[in-house]
Amino acid sequence: MGRSISVSFGLLVVFLSLSGTGADFDCPSGWSAYDQHCYQAVDEPKSWADAEKFCTEQANGGHLVSIDSKKEANFVAELVSQNIKETRRTDFVWIGLRVEDKRQQCSSEWSDGSSINYQNWIEAESKKCLGLEKQTRYRKWVNLNCGQPYRFTCEI
């Protein structure tokens with residue numbers, strides 16, 4: 001009997017130590033959790049700059065989404081597909097990346113300051129801001145005019 005109690009206690013310790021690994025990660029109401037971050041697809045068209053401003057005002061550390069892996073890209077694509085209403089203006093969704101210099105070279109970081117570790121370009125053009133394209137089920141990045149109003153995804 002003493003052995004089964006110590007085994008049960010050991011399993012309880014393992015369970016409690018694993019419970020803090022992200023399964024219980026809390027996000028504000030209306031946000032979705034993925035890999036220790038919170039995401040919100042916003043169904044209100046704004047220019048890239050206004051969308052970035054909106055995201056920074058939502059929560060401390062908020063920005064337009066930065067996509068660091070294929071898994072995160074798939075999560076964001078599903079989030080957008082499920083939360084953005086189908087209209088003529090849903091062909092594109094802003095992400096937090098834009099061209100910063102005059103030679104149209106991509107900036108070396110996302111709007112949140114993180115490095116670019118993953119890329120999924122559909123084509124290179126002379127427009128400065130990037131978004132996800134509906135035709136690719138929101139999985140490929142396309143250059144867009146920064147002043148155009150599109151839906152967007154915030155991340156904290």
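A Cβ is built for glycine as well, from the same backbone N, Cα and C atoms used for every other residue.
These features come from Swiss-Prot:
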type: SIGNAL; residues: 1-23; note: signal peptide
type: DISULFID; residues: C27-C38; note: disulfide bond
type: DOMAIN; residues: 34-155; note: domain 'C-type lectin'
type: DISULFID; residues: C55-C154; note: disulfide bond
type: DISULFID; residues: C129-C146; note: disulfide bond
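On the structure: features taken from Swiss-Prot.
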{"residue": "C27", "record": "disulfide bond", "Cβ within 10 Å": "15"}
{"residue": "C38", "record": "disulfide bond", "Cβ within 10 Å": "20"}
{"residue": "C55", "record": "disulfide bond", "Cβ within 10 Å": "26"}
{"residue": "C129", "record": "disulfide bond", "Cβ within 10 Å": "25"}
{"residue": "C146", "record": "disulfide bond", "Cβ within 10 Å": "18"}
{"residue": "C154", "record": "disulfide bond", "Cβ within 10 Å": "24"}
Provide, as an integer number of angstrom, the distance between the C-alpha atoms of C146 (disulfide bond) and C38 (disulfide bond).
24
Compute the C-alpha separation of C27 (disulfide bond) from C154 (disulfide bond), stating it in Å without decimals.
12
Separation of alpha carbons, C154 (disulfide bond) and C38 (disulfide bond) (Å):
8
For the domain 'C-type lectin' (34-155), mean pLDDT (0 to 100):
87
For the domain 'C-type lectin' (34-155), give the DSSP counts of helix residues, strand residues and coil residues.
31 helix, 40 strand, 51 coil
Provide, as an integer number of angstrom, the distance between the C-alpha atoms of C154 (disulfide bond) and C129 (disulfide bond).
15
Roughly how many angstrom lie between the C-alpha atoms of C55 (disulfide bond) and C129 (disulfide bond)?
16
